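Input: a single structure, listed below in structure tokens.
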Amino acid sequence: MVSVDPLATERWRSIRRLTDRDSAYKVPWFVPGPENFEALQNTKILVIGAGGLGCELLKNLALSGFRTIEVIDMDTIDVSNLNRQFLFRESDVGKSKAEVAAAFVQQRVVGCQVTAHNCRIEDKGQEFYRKFSIIICGLDSIPARRWINGMLCDLVLEMADGKPDENTIIPMIDGGTEGFKGNARVIYPKFTACIDCTLDLYPPQVNFPLCTIAHTPRLPEHCIEYIKVVVWPEEKPFEGVSLDADDPIHVEWVLERASLRAEKYNIRGVDRRLTSGVLKRIIPAVASTNAVIAASCALEALKLATNIAKPIDNYLNFTQIHGAYTSVVSMMKDDNCLTCSGGRLPFEVSPSSTLESLIIRLSERFHLKHPTLATSTRKLYCISSFMPQFEQESKENLHTSMKDLVSDGEEILVSDEALSRALTLRIQLI
């Protein structure tokens, strides 16, 4: 029920002006009244990520009237976080981001219950995500976005006529920032464009938050970036000269140490080409960009929970390089998307092309890391410490022509840690 406590009523006066009054921007079924604020306070909402964007989101949601919030993040607090992730203090360094952020918000906003989960999003199953009415992502990783996107699509049930059941849809609000640019979008799984529908919007990631590369590296790029921004300044090699990404001796020094760090965390893929590419570009996090995008995401959550206004349709761009500028565009759903539309993807390959060339194409198109390819009768490529028996055959297959591996029309199953579900390709030898 809505609180009758005079102090609580005064605290939410501004929000009640939106929920208790009529509006020209309302959705057609909106009816002014106290029930809207009650619905807001009873909405269960999940925030994924408690970093720069996540801290802003938690603060905004709690101060907007949401009372049941959960936050999930696998990272711990690093000293580099303290300049912009304002829910953390120096004494919190080394502690769980999710747990510290949840405790801070609960202490400052009376009546707001924030539950922390210090784990990977992949550690939670369907029953966990199904209990939420809205999920907001404040992630710095494309694979993580794709995973939760696939999970929410899987939660949508079909009715007898094959159409998605609207009652099983959990809206996803996704926010992202990079330097002075950011975006926010609202996704209705299987109804509007999902993350994979617009995967071309995301270039290969080359900019990484320091907290990630220092504490929980997950990509080869994380290892290289760590050597660049942490190890080089500390060790001051070559008599303390500045790192020159065009100097092959400097690049080799970084490559050797990045390879050792990658080996420590069981990460593959550190090579000279990638090292050179990462060394030449880094964009710092900007607190004001996080604030703007988090505010936009929180506003969309407020609209979804109360129906006081229509959500954006459906992708907001923001930039503050030369003044502040925003625009909203409507992303179209891809009817051939393997995640939200289902089905099998026809994939043309040359009969004389090799399996290695196919893997490169798939990795670039779908942002894969270490894909495994298999037909219904055999594994074509699988490099895994859990299945060493396939390694030699996989290496031999890399240089084998596709016509010698599969027949025209045969299906290949592609799995990868970046995917929440396997891709099914119908090979067309042309």
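Keep in mind that glycine also has a Cβ here, set from the backbone N, Cα and C atoms.
Per Swiss-Prot, these features apply:
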type	residues	note
ACT_SITE	Cys211	active site, glycyl thioester intermediate
BINDING	52-76	ATP binding site
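A map of Swiss-Prot features onto the structure.
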residue: Glu56; record: ATP binding site; contacts (Cβ under 8 Å, 6+ apart): Gly138, Asn290, Ala291, Ile293, Ala294, Ala295
residue: Asn60; record: ATP binding site; contacts (Cβ under 8 Å, 6+ apart): Ala294, Ala295, Cys297, Ala298
residue: Ser64; record: ATP binding site; contacts (Cβ under 8 Å, 6+ apart): Ile15, Leu40, Ala298, Ala301, Leu302
residue: Thr68; record: ATP binding site; contacts (Cβ under 8 Å, 6+ apart): Gln41, Asn42, Thr43, Lys44, Ile45, Gln113
residue: Ile72; record: ATP binding site; contacts (Cβ under 8 Å, 6+ apart): Leu46, Val47, Ile48, Gly49, Ala98, Ala116, His117, Cys119, Ile121, Lys124
Protein Cβ atoms within 10 Å of Gly52 (ATP binding site), excluding its own: 26
